[in-house]
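Enquirer: The structure follows.
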């Protein structure tokens, strides 16, 4: 596929998603998310390290549109800066979990004797390990960091992707055109990437969008438990973790990061749903 054909295909998919109400919502929210992340590289309403001990837990004002937290830091500035961290986590989780999932699926449908069965058994054994436990294990040697969140989410979601995509991959791997590819001398990985992966693309789209959304939730939960982003690193989970203890007294400081997380997760899930619908339309 040439770059021109790829560009035309992406444009058609974008227009098909935009025609749907849920798709417009998803693309708008994700576009705003990326725009805010870029803008925060150069500008925030207040410096992130600026604190005001005389105005802690302050209500929204002209100087602090969303108020301040317990240190007197501007909530909006931290949410804007946190959008970068969460965007990086979501993007890396999609790439890494997708790569791991596809590798495992390829091994599952392999024609080598015993390899597929062993891979299925390993995936079934490891998939029961919760993301939190994986993060705790990674924190011991590496400490709390963005890398730990990405690693834990990638392993957990990659295993889940492999398990969910396996039935569709097995069906495609047993098709006549895959058999013809092998008869023509194609290697196993060539047949897999050329014929199997396109047939499981709808499953991949849904699972990867869910993985991106769940990684945002995982960051919030892991940071609250102390195994997420490092101290002083802005993230939506950090904003939630520092204010949730005072939700009964200062609910607005919890409302804003919670609202941002909800909007992002819903948008990512709706994007996956829209991609599935577009794929079904193309298949018809």
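Every residue, even glycine, has its Cβ placed from backbone N, Cα and C.
Just so you know, TrEMBL annotations never went through curation; they're auto-generated.
Annotations per TrEMBL:
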- 25-43: transmembrane segment (TRANSMEM)
- 83-272: domain 'ABC transmembrane type-1' (DOMAIN)
- 87-108: transmembrane segment (TRANSMEM)
- 115-138: transmembrane segment (TRANSMEM)
- 144-162: transmembrane segment (TRANSMEM)
- 249-271: transmembrane segment (TRANSMEM)
Enquirer: State the non-local partners of the transmembrane segment (144-162) in its own chain: residues 6+ outside its ends, Cβ under 8 Å from one of its Cβ atoms.
Expert: 85, 88-89, 92-93, 96-102, 104-105, 108, 123, 126-127, 129-132, 134-135, 138, 204, 207-208, 210-211, 214-215, 218-219, 222, 226-231, 233
Enquirer: Could you pull out which residues elsewhere in the chain have a CB under 8 Å from any CB of the transmembrane segment (249-271), counting only those six or more residues past its ends?
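Expert: For the transmembrane segment (249-271), the far contacts come to 17, 22-23, 25-27, 29-30, 33, 57, 59-60, 66-67, 69-70, 75-76, 79, 82-83, 86, 90, 209-210, 212-214, 216-217, 220, 236-237, 239-240, 243.
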